[in-house]
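Notes follow once the structure below has been shown.
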Amino acid sequence: VQKGGSSGLAKSAAVKLSEMGERTKQLGTAMRDPHQQRRIILVIVCVALLLDNMLYMVIVPIIPDYLADLENKSNKDNLDVQIGVLFASKAILQLLVNPLTGTFIDRVGYDIPLLIGLTVMFVSTCIFAFGENYATLFVARSLQGLGSAFADTSGIAMIADKYTVEAERSTALGIALAFISFGSLVAPPFGGVLYEFAGKRVPFIVLACICLADGLMLLTVIKPFSNRTRENMPVGTPIYRLMIDPYIAVVAGALTVCNIPLAFLEPTIANWMETTMHSSQWEMGLTWLPAFFPHVLGVYITVKLAAQHPNLQWFYGAVGLVIIGASSCTVPACKTFGQLIAPLCGICFGIALVDTALLPTLAFLVDVRHVSVYGSVYAIADISYSVAYAMGPIVAGQIVHSMGFVQLNLGMGLVNVLYAPALLLLRNVCQMKPSYSERDNLLEEAPQGLYDTIKMEERRAKKKGYSSAGNCLSVDENGFDPFKAQRSLSEESSGPEYT
């Protein structure tokens, strides 16, 4: 009987091992399918973006109360300064590091920087969970900014790289933005509830575990250290050249301006609600949660409109700025919590329009005016966000103290409305033709001898619509100089010639 039982267990184990083998085989087959691979990558990136934004906002209900108990000998003004600096430290370090991470991502690809970002975020979150003094919390918060500079930029750039069709790219980036919104808006109630019933450590331990799982999934599925195709990829345009591109500069400015109301209201609106409408703690904790739904609605509407009328992306962004401006101006007029929900929903709806319309535009501008490598251009986008969120916790409180909450909102609304006409500069972007990208210079094998080189140039000439006779190329209408690219090609591909 024992022998029969052992035989049955062995058969059962063999069946389970066979099933695991089949699942592994199916996963391997899925990863060889480009469409399945893109979906898995999108999931990994969306989880990373969700984590980053939850880490940014989860401390909102935790840190003021925790620091008040920790620094019980400090006066209230000093405590407010400490809270503001701690809130801003993540965005400040992210702002300082992003120019370097963008260049690094362009050099090594997207997967390794994403893994670095998740690793740093995991370590910093663990430090934040167990830190018991202000200095430790400050270091952990700053490290979160370093991890975000790698994870955010490489993640968004990876999506832009994998989804090359504009409609698909807009949809994928829209999904990523929905996860960003969900992370930002759900984190305060998530952190507040767990902090209230389980203590400071539990919210951060939960987020650290999710971060670890996402990193392991990245290692298992994408295998960043085994897929070394970077040597065959083009060299990206330096970030300083992208920064002085007028079209990219306009987009970056819009991304900063549209996020200023959210960044400036987050650290100031709770005190204003308590003073003017005597709101309860749960109302202050749930202030932004209803705005998640109009944000997702804004993403959905913009993706649908962009698929039907891609030439109007600039217009959707301009409408979003006007909605943000009008909503910001109406915030001080609210007298109850129910009234306040409407303008906050308007702000988040407008931000969704701007982000969803302009983030794909950045990738398109790189495609048609520079080289199709996206690390640096999305580092610029991350810099734009970081400028707003670095100033918010520090500058907003000073403005409210010196000028008042009403003036703060009117100023933010006016800035958004006045910036909207600047997006008219983008109205002809969709008519640009692809430039002579270095991506077109790449072959699996270099041309052998003069004959193959000439044939390759003739094929390119027919494809791009310019003459290669005499190796004479002019700067194209988008401002890209292909002469240097062709000259470097000739130097690299020169080999045994006919004599």
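Cβ atoms are placed via backbone N, Cα and C, with glycine included.
All TrEMBL annotations are machine predictions without curation.
So that you can see what the record holds, here are the features copied from TrEMBL:
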| type | residues | note |
| --- | --- | --- |
| TRANSMEM | 40-63 | transmembrane segment |
| DOMAIN | 41-499 | domain 'Major facilitator superfamily (MFS) profile' |
| TRANSMEM | 112-131 | transmembrane segment |
| TRANSMEM | 172-190 | transmembrane segment |
| TRANSMEM | 202-222 | transmembrane segment |
| TRANSMEM | 242-265 | transmembrane segment |
| TRANSMEM | 285-303 | transmembrane segment |
| TRANSMEM | 315-334 | transmembrane segment |
| TRANSMEM | 340-365 | transmembrane segment |
| TRANSMEM | 377-400 | transmembrane segment |
| TRANSMEM | 406-426 | transmembrane segment |
Annotated stretches the transmembrane segment (406-426) and the transmembrane segment (315-334) touching (3 or more Cβ pairs under 8 Å): yes
Please indicate, using numbers and ranges, the residues of the same chain that are 6 or more beyond the transmembrane segment (202-222) and have a C-beta under 8 Å from a C-beta there. 27, 31, 40-41, 44, 47-48, 51, 54-55, 58, 62, 111, 114-115, 118-119, 121-122, 125-126, 128-129, 190-191, 194-195
For the transmembrane segment (285-303): best-contacting stretch of 172-190, 315-334, 377-400, by Cβ pairs under 8 Å: 172-190
Spatial neighbours of the transmembrane segment (340-365) not adjacent in sequence (6+ beyond its ends, CB under 8 Å) are 156, 160, 166, 169-170, 173-174, 177, 181, 185, 245, 247-248, 251, 254-255, 258-259, 261-262, 265, 273, 277, 287-288, 290-299, 301-303, 306, 313-314, 316-317, 319-324, 326-328, 330-331, 334, 374, 377-378, 380-381, 416, 426, 429-430
Seg_contact(the transmembrane segment (377-400), the transmembrane segment (242-265)) with at least 3 CB pairs under 8 angstroms, min sep 6: yes
